[in-house]
Amino acid sequence: MARKSYDSTTGNAGETQQRGGAVLTTNHGIPFSDNQNSLRAGARGPTLLEDFLLREKIFHFDHERIPERIVHARGSAAHGVFTCTDPIPGLTRASLFAEKGKQTPVFVRFSTVAGGAGSVDTPRDVRGFAVKFYTDQGNWDLVGNNIPVFFIQDAIKFPDLVHSVKMEADRGYPQAASAHDTFWDFVSLMPESLHTVIWAMSDRAIPRSLRMMEGFGVHTFKFVNETGEASFVKFHWRPVLGMQSLIWDESAKLQGADNDYHRRDLFEAIAAGDFPEWDFAVQVFDQALADSLPYDVLDPTKIIPEEIVPLRVIGRMVLNRNPDNHFAENEQAAFLPSNIVPGIDFSDDPLLQGRLFSYLDTQKSRLGTTNFHQIPVNAPKCPYANMMRDGLMQTQVPKGRANYEPNSLDQAGEDPGPRASASGFVTAPQEVAGDKLRIRSETFGDHYSQPRMYWRSMTENEQAHIASAFVFELSKVGLGHVRERVVSHLRVIEEDLGQRVADGLGIALPEPASPFRAPLDLAPSDALSIQKNWHETLKGRKVGLLIAEGSDKAGIDKLTSAIEAEGGTVFTIAPKVGPLKLKGGTLTPDGQLAGSPSVLFDAVAMILMPDQAEKLARDSAAIGFVMDAFAHLKAIGHCKGSAVILARAGIEDGEGVGPWEDLPDMARRRYWAREAGVRDLA
Ligand code: HDD
């Protein structure tokens with residue numbers, strides 16, 4: 001019989017109650033009768049060791065955390081489906097590309113690289129873009145990034161790279177930032193990193209949304225067809241929404257306004273049925289094409305411009321389901337570049353070769369067991385069977401005696417277990433000969449031509465952002481000789497870049513670095529620029545609408561439906577979050593002004609009565625709302641009444657600033673031409 005006791009959940013004296021549907025039990029199924037009080041000797045006496053309910057609960061809690069990923073610790077993930085749109089059986093026997101319309105489930109995890117699991121979403125950083133295809137021939141993990149090149153050419157340098165960029169070893173900071181001595185010291189001594197560094201200093205490294213990033217497999221891989229013919233292939237993800245990026249000041253302010261900016265954006269879009277989509281494209285080429293290039297296709301610091309090898313779109317990925325549980329799926333997801341399926345093969349890229357070991361190895365320390373493949377998010381969705389047995393946390397119960405192969409148990413009527421099949425994975429035959437050496441091929445020796453090509457492919461604004469990012473980062477570097485050495489490399493990439501960064505830092509131009517190979521003038525590639533490829537659309541864009549008591553409901557409704565009709569969303573903001581009396585009705589705003597700064601939105605609008613606008617014109621949150629929107633080159637729509645706020649902020653009507661009725665059109669873009677007037681860039 002239940003004893004009378006003080007119920008700490010209701011504050012009443014009464015019997016402990018069971019709430020909710022399912023019965024609360026221990027991990028071994030034993031039902032709880034009281035989840036509020038531990039077992040005591042007397043109402044005010046000591047807790048008893050016997051309390052197995054308390055001990056199991058605390059024991060489990062004490063071990064809730066697992067080691068975070070050494071890199072890419074902070075990630076956001078989603079489930080989805082890949083559909084083959086253009087089958088390529090002539091190129092590969094990979095079953096997922098065999099038929100038009102064939103669907104393959106996927107799990108995707110996007111991540112920042114340097115920060116810890118609890119760090120922010122918008123630092124300047126490369127973003128991970130890891131896709132697990134659960135094919136009917138096993139899992140294929142394409143573990144890529146949103147930047148198509150990598151910092152180093154050989155996996156043996158990876159621990160040095162990561163140590164240098166992570167928080168400094170003695171002081172434990174900075175978190176999630178490359179703007180510090182050790183990173184730039186390393187980079188300045190490793191010119192092979194320059195191509196990736198210039199991408200990382202560009203707007204690619206501050207994406208507006210995970211839904212608006214490109215993804216790349218980075219390395220050259222191989223396709224192998226039914227007859228065993230192999231070709232080289234590079235993999236690309238192209239976001240259907242197009243690429244968009246943040247302004248640096250905006251990304252820094254977002255770190256205060258919303259640590260989870262990207263994670264929330266992804267989760268909310270999927271929850272609202274606004275599913276993010278990417279085209280999947282391949283660049284396929286042969287040895288002759290590879291031989292014709294002035295760089296090595298096995299070098300992961302190089303791209304092949306799509307003007308040279310065009311992209312062929314062969315599929316579409318739609319992310320349509322949020323994880324049910326962050327830990328079980330996102331944290332426990334284990335991606336392995338070594339997970340490859342028949343029809344796809346590795347190249348000899350020395351970075352890729354090293355990765356094939358690293359990821360399998362790291363899962364053992366992160367997930368604690370060789371059986372991490374049994375965790376639901378990692379398990380193949382096709383049947384799998386082998387003779388590997390036992391180990392920590394074995395959750396399967398293999399039957400029979402066949403745990404070795406070959407065996408003849410079938411002759412005794414027993415199940416002999418699985419056998420290798422001729423249709424299984426076959427490595428593409430390749431002649432390999434050479435001396436055993438620790439050496440870097442001379443074909444990997446040009447570190448400046450492609451950064452130069454990247455710089456020359458940018459718009460003026462984009463170049464200014466890159467130069468300013470170098471200035472910002474190097475201004476956080478305390479070691480003068482490191483700053484100078486970086487600038488000495490930038491001069492070789494392009495004299496103008498070196499000069500602008502030196503000027504921005506206020507230092508004399510150092511002597512140029514001496515390259516192993518003199519840089520070439522490769523043709524620029526427009527496909528590399530975000531601004532040149534901007535999709536003028538409201539899809540996926542979010543408007544922050546500032547309203548207050550008495551605002552015109554008809555106007556709010558009209559603006560909202562115009563934005564929503566084109567796939568955008570409107571977030572209403574008011575001085576208070578409670579229900580508002582409007583002219584023509586009531587409305588409960590989505591957010592409060594102080595907690596909803598304009599950095600959270602792609603464009604802003606104000607529909608206010610003159611008296612409320614007057615009041616807000618004395619509130620720094622409202623002034624900051626429009627000032628930031630203006631400085632971040634966003635559209636601002638306003639009513640007559642709200643003009644007083646703009647006047648106080650010193651903003652006049654002009655390109656991208658005008659009546660709210662024009663906002664649906666204005667909100668499709670950023671106003672790059674405004675930038676020179678609001679920011680002193682390098
Ligand atoms: Fe890596 C994680 C991408 C080079 C070693 N890497 C990791 C993730 C991504 C990448 C997206 C996160 C996976 C997830 O969401 O769980 N890494 C890359 C790319 C590279 C690259 C595109 C170059 C082309 N990585 C690289 C090298 C090594 C590693 C050269 C080691 C020799 N990477 C790891 C790791 C991680 C990892 C330490 C940490 C957690 C994990 O693997 O599962 O093993």
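Counting starts with 1 at the first residue shown.
Quick reminder: no glycine exception, Cβ is built from N, Cα and C everywhere.
Annotations in TrEMBL come from automatic prediction, not curation.
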Just to be sure I read the record right: Arg69, Arg109, Arg355, Tyr359, Arg366 are listed as binding heme in TrEMBL. Which of Phe32, Phe151, Phe158 is listed for the same site?
Phe158
Which value in Å gives the longest Cα to Cα span across the heme site residues Arg69, Arg109, Phe158, Arg355, Tyr359, Arg366 as recorded?
21
Mean per-residue pLDDT computed across the domain 'Catalase core' (25-413):
97
Within the chain of Phe158 (heme binding site), which residues six or more apart in sequence place their C-beta under 8 angstroms from its C-beta?
Ile152, Leu351, Gly354, Ser358
Would you mind pulling the DSSP three-state label for Asn145 (active site)?
strand
Please report the distance from the Cα of Arg366 (heme binding site) to the Cα of Asn145 (active site), rounded to the nearest angstrom.
21
Please list residues from the chain of Tyr359 (heme binding site) whose Cβ is under 8 angstroms from its Cβ, counting only those at least six apart in sequence.
Val143, Ala334, Phe335, Leu336, Pro337, Ser338
Sort Arg109 (heme binding site) into helix, strand or coil using the DSSP assignment.
strand
